[in-house]
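Worksheet: the structure to be examined is printed underneath.
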Amino acid sequence: MMHFKSGLELTELQNMTVPEDDNISNDSNDFTEVENGQINSKFISDRESRRSLTNSHLEKKKCDEYIPGTTSLGMSVFNLSNAIMGSGILGLAFALANTGILLFLVLLTSVTLLSIYSINLLLICSKETGCMVYEKLGEQVFGTTGKFVIFGATSLQNTGAMLSYLFIVKNELPSAIKFLMGKEETFSAWYVDGRVLVVIVTFGIILPLCLLKNLGYLGYTSGFSLSCMVFFLIVVIYKKFQIPCIVPELNSTISANSTNADTCTPKYVTFNSKTVYALPTIAFAFVCHPSVLPIYSELKDRSQKKMQMVSNISFFAMFVMYFLTAIFGYLTFYDNVQSDLLHKYQSKDDILILTVRLAVIVAVILTVPVLFFTVRSSLFELAKKTKFNLCRHTVVTCILLVVINLLVIFIPSMKDIFGVVGVTSANMLIFILPSSLYLKITDQDGDKGTQRIWAALFLGLGVLFSLVSIPLVIYDWACSSSSDEGH
């Protein structure tokens with residue numbers, strides 16, 4: 001998940017309030033009656049929130065706290081696409097190989113539509129409470145517990161994204177260096193060891209960037225990252241028509257009657273021990289919810305309807321891009337595809353593959369500090385330590401980077417990152433949190449019975465996802481060797 005300018009930092013959004021919606025004066029179900037300039041709602045408990053939804057809010061010119069957005073609809077679509085797009089795209093071909101084309105298409109379509117619905121719920125909750133910060137929204141509805149839960153889910157999601165990015169560095173940088181040195185892929189030395197390289201990159205490049213007080217130009221690297229992923233998609237499609245299907249040598253995992261036709265024939269529905277990773281990987285690839293409200297707050301002439309249009313366009317574009325990457329990656333390597341699709345391409349004597357590999361490496365290295373800023377800012381905000389302190393800033397940064405590096409070094413495969421984060425934080429952010437917030441906010445609204453039923457079913461789906469996927473992922477770990485890619 002590549003964030004829109006890291007989202008905005010939480011401290012920058014504290015004073016943002018929700019603007020007048022398209023039908024704010026016509027839909028009697030959207031807001032409770034205004035009496036003496038104050039909303040009668042149990043969620044409006046402090047002065048800041050009361051001001052955001054009172055008569056003074058309805059009169060934009062008199063509201064000092066209202067900050068009009070300046071971002072066009074097109075640029076907002078681009079920003080949200082940046083927030084959606086991330087390393088998850090590299091694991092989709094692996095997900096397709098372990099589900100089959102038809103089942104994968106059903107899962108991808110379902111998660112796309114459900115993600116759009118969850119954003120709709122999130123926008124309704126933001127409108128009803130006047131909160132434009134995800135943690136603040138959780139605190140308004142569920143108190144301190146809600147704030148901590150949302151902080152935990154967003155931080156785990158961002159940490160998972162950072163882990164996947166550094167895992168790309170660990171996987172891809174050695175191959176790029178070997179190519180530039182003119183060495184074979186089998187060449188071995190400490191300076192082409194991915195574990196050593198990821199530590200060098202982290203503390204030589206990423207740490208200095210993370211120590212900066214402000215994001216600065218780093219907030220705009222997501223555009224470069226999205227461009228790199230589009231370039232990657234183009235290369236994947238092009239290489240499909242260049243790379244022949246290769247039958248692996250017979251071994252203990254491949255029966256003696258394997259044929260070229262069997263190996264190079266696409267499967268439409270399939271089930272195996274790795275099928276469980278498909279849905280978490282797809283969910284991981286579509287999470288952008290922490291960035292939705294910051295993007296909404298900067299949308300010009302913003303309204304719920306307009307932001308919903310932004311999300312619809314963005315998700316449709318990402319759906320097309322994800323499906324094309326998955327299908328062409330799968331049709332290139334079939335059952336031999338890995339959980340990191342880029343790693344399957346050999347850069348030996350191939351400048352194009354080297355170029356896309358280097359582009360992706362640079363993109364993820366520059367994106368890690370953006371995500372890191374979000375996690376650290378949320379941590380300081382939660383601890384009420386918003387005033388800058390150089391010593392604390394440095395110590396927390398170093399500790400977090402050390403922990404992240406240890407995880408990257410010892411995690412055997414990207415599918416493990418997608419699996420864990422997908423069934424936990426991605427599930428929370430897409431299914432459980434938006435539906436829970438909506439059900440709580442509309443608890444006493446008898447006019448929204450049908451919508452509440454759908455939200456309750458959505459919540460149940462998220463809980464079922466967790467109850468089924470988490471045990472299956474753990475079971476696969478118990479039954480598989482740490483280096484098994486499932487082939």
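Backbone N, Cα and C define each Cβ position, glycine as well.
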Per Swiss-Prot, the candidate from ASN79, ASN251, ASN312 carrying the annotation N-linked glycosylation site: ASN251
As recorded in Swiss-Prot, which of CYS228, CYS264 forms the disulphide with CYS245: CYS264
Swiss-Prot topology check: THR70, LYS136 same side of membrane: yes
Other C-beta atoms that fall within 10 angstroms of the C-beta of CYS264 (disulfide bond): 15
Feature contact check the transmembrane segment (313-333) with the transmembrane segment (417-437), CB under 8 Å, 3 or more pairs: no
Two-stretch contact, the transmembrane segment (189-211) and the transmembrane segment (351-371), at least three Cβ pairs under 8 Å: yes
Within the predicted model, mean pLDDT of the topological domain 'Extracellular' (474-487): 65
The transmembrane segment (453-473) touching the transmembrane segment (148-168) per 3+ Cβ pairs under 8 Å rule: no
Distal contacts, the topological domain 'Extracellular' (334-350) - CB-CB under 8 A, six or more residues away: 90-94, 97, 167-168, 171-172, 175-176, 179, 184-185, 232, 236, 239, 245-246, 248, 263-267, 277, 325, 356-357, 360, 413-415, 418, 485, 487
Packing count at CYS245 (disulfide bond) (other Cβ atoms within 10 Å of its Cβ): 14
Cβ-Cβ under 8 Å with the topological domain 'Extracellular' (98-112): same-chain residues at least 6 beyond its ends: 92, 266-272, 274-275, 277-279, 282-283, 286, 315-316, 318-319, 322-323, 326-327, 330, 430, 486
